[in-house]
Amino acid sequence: MLDKVKNVIVVLSGKGGVGKSTVSTQLSLALRKNGFKVGLLDIDLCGPSVPYLLGLEGRDIFQCDEGWVPVYTDESQTLAVMSIGFLLKNREDPVIWRGPKKTMMIRQFLTDVRWDELDYLIIDTPPGTSDEHITVMECLKEVGCHGAIIVTTPQEVALDDVRKEITFCKKTGINILGIVENMSGFVCPHCTSCTNIFSSNGGVSLATYAQVPHLGTLPIDPRVGVLAGTTTSVLDELPDSTTAEVLTHLVEKLKTMLVS
């Protein structure tokens, strides 16, 4: 039930391990910090990370007449979260399902969750261009998707797979809002200088290739990693960091691109 949601944004990448879930959670927290009501939907069925990243593991979800009630991170209910992780008894339990069952669960997540009025719904997806992605795109076409943010790392091995994701978006008619380059450089936790331990500017070149906006470059910052397991925004904890600067810029870009 997405009729009360103003903006639906999908976070995608053709490559696993590039930090989609971290970007999704910190973007959601940054939007909340800016006064928006936000929903975060984790549809990575085989590797749900959002409950862990926000310290919500073990929380229960309930059903009402309107569908599943999401988990709220605060009493004012400004950030609502839904993930298959809430349905698993143990974090180590694997999800061993065939395609049709995965498709059914994703459709339930997109149509049977009771989202209240939201300014933004951020959807964290699994890597690749599989059945899950096709199901998401088909469902979102029915209710409306305002665009996709594509996350990549600067290495060529990641860029190759992300190019396929860009082609997938174009073939399925999903508007690409832009590309975020993650894990670009390492921030020293002592002096905060940034060293390019891998290649750099891969996201910039990819954005130029795809003719879409480059939304920012995020470094590897151990101080950000410490925030995993909490609902603390980088904007609150590390306001002077590069990560906070990029997220602030990203929020401002979304405000100009989409309905506020």
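Numbering starts at 1 and runs along the chain as it is shown here.
Every residue, even glycine, has its Cβ placed from backbone N, Cα and C.
Feature list (source: Swiss-Prot):
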- Gly14, Lys15, Gly16, Gly17, Val18, Gly19, Lys20, Ser21: ATP binding site (BINDING)
- Cys188, Cys191: [4Fe-4S] cluster binding site (BINDING)
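What Swiss-Prot annotates, mapped onto the structure for a quick look.
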residue	record	contacts (Cβ under 8 Å, 6+ apart)
Gly14	ATP binding site	Pro127, Gly128, Thr129, Ala158, Asp160, Asp161, Val162, Arg163, Lys164, Glu165, Phe168
Lys15	ATP binding site	Pro127, Thr152, Thr153, Val157, Ala158, Asp161, Val162
Gly16	ATP binding site	Gly47, Pro126, Pro127, Gly128
Gly17	ATP binding site	Pro127
Val18	ATP binding site	Pro127, Val151, Thr152, Thr153, Ala158, Val162, Asn182, Met183
Gly19	ATP binding site	Val151, Thr153, Asn182, Met183, Leu218
Lys20	ATP binding site	Val11, Leu12, Ser13, Asp124, Thr125, Pro127, Val151
Ser21	ATP binding site	Asp42, Asp44, Ser49, Val50, Leu53, Asp124
Cys188	[4Fe-4S] cluster binding site	Cys194, Thr195
Cys191	[4Fe-4S] cluster binding site	none
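Summary of the ATP site environment: with the site residues Gly14, Lys15, Gly16, Gly17, Val18, Gly19, Lys20, Ser21 set aside, the chain residues having Cβ atoms within 8 Å of the Cβ mean position are Ser13, Pro127, Val151, Thr153, Ala158, Asn182. Look at Gly19 (ATP binding site): DSSP puts it in coil.
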